[in-house]
Amino acid sequence: MGMRMMFTVFLLVVLAATIVSFTSDRASDGRNVAAKAFHRIGRTIRDECCSNPACRVNNPHVCRRR
């Protein structure tokens, strides 16, 4: 292979690695956002239940202090 061909192959490999890295970072960001939203929803439901006496009596495992 000539020098130009080797340089072209090198650039293609770098480009492919960059694209794979970028898309995997974006996917992990999406999972983190989903986990944070799930945690926030759970905390909101727990807080609303624990502030309601009837719900607190029926669900003591939810309102247990940690």
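Cβ atoms are placed via backbone N, Cα and C, with glycine included.
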Bond partner of Cys55 - disulfide, per Swiss-Prot - picked from Cys49, Cys63: Cys49
Where Swiss-Prot places 4-hydroxyproline when the choices are Pro53, Pro60: Pro60
Candidates Glu48, Cys50, Cys63 (recorded positions) with Cα within 10 Å of Val57 (site 'Important for determining subtype selectivity'): Cys50, Cys63
Residue among recorded positions Cys49, Cys50, Val57 with least C-beta crowding, 10 angstrom cut-off: Val57
Recorded positions near Glu48 (4-carboxyglutamate) (Cα-Cα within 10 Å), from Ala54, Cys55, Pro60: Cys55
Residue pair Cys63 (disulfide bond), Cys49 (disulfide bond) - Cα distance, angstrom, rounded: 8
Ala54 (site 'Important for determining subtype selectivity') and Pro60 (4-hydroxyproline), Cα-Cα, nearest whole angstrom: 10
